[in-house]
Amino acid sequence: MAHSVKIYHTCIGCTQCVRACPTDVLEMIPWDGCKAKQIAPAPRTEDCVGCKRCESACPTDFLSVRVYLGPETTRSMGLAY
């Protein structure tokens, strides 16, 4: 099982998480739930390496993007080098 990336309704559509992701897991799509009219879903969670850069980049008080770590994969363990 890969890492799980969840985007919450508190997303403000700022694109900070999308720009911070080194593996392009996130992308912006149209969404009427915020002023920016866009949200960042995670269509490619299998590429997530669990670095949590998206969480660090999120400017909202309640992090709108959260990474829930699954078992380590060969790919995610490679970040240590």
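We count from 1, first residue shown onward.
Note that Cβ sites are derived from N, Cα and C of the backbone, with glycine treated the same way.
Here the structure is a predicted model, which means the values were calculated and not measured.
Look at Swiss-Prot and you will find C11, C14, C17, C58 tagged as [4Fe-4S] cluster 1 binding site. Within 10 Å of the C-beta of C17 ([4Fe-4S] cluster 1 binding site) we count 26 further C-beta atoms, all protein chains included.
Feature annotation from Swiss-Prot assigns [4Fe-4S] cluster 2 binding site to C21, C48, C51, C54; the stated evidence is sequence analysis. The Cβ of C21 ([4Fe-4S] cluster 2 binding site) has 23 other Cβ atoms within 10 Å, all protein chains considered.
As annotated by Swiss-Prot, domain '4Fe-4S ferredoxin-type 1' applies to 2-31, with the evidence given as sequence analysis. Per-residue confidence over the domain '4Fe-4S ferredoxin-type 1' (2-31) averages 86 (mean pLDDT, predicted model).
Per Swiss-Prot, the feature domain '4Fe-4S ferredoxin-type 2' maps to 39-68.
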Note = Cα-Cα, C11 ([4Fe-4S] cluster 1 binding site) versus C54 ([4Fe-4S] cluster 2 binding site), nearest Å, comes out at 12
Request  = With an 8 Å cut-off on Cβ-Cβ distance and a minimum sequence separation of at least 6, pull the same-chain contacts of C54 ([4Fe-4S] cluster 2 binding site), or say none.
outcome  = V5, C17, V18, A20, C21, V25, L26, V65, V67
Non-local residues, at least 6 beyond the ends, that sit with Cβ under 8 Å of the domain '4Fe-4S ferredoxin-type 2' (39-68) = 2-29, 31, 33, 75-76, 78-79
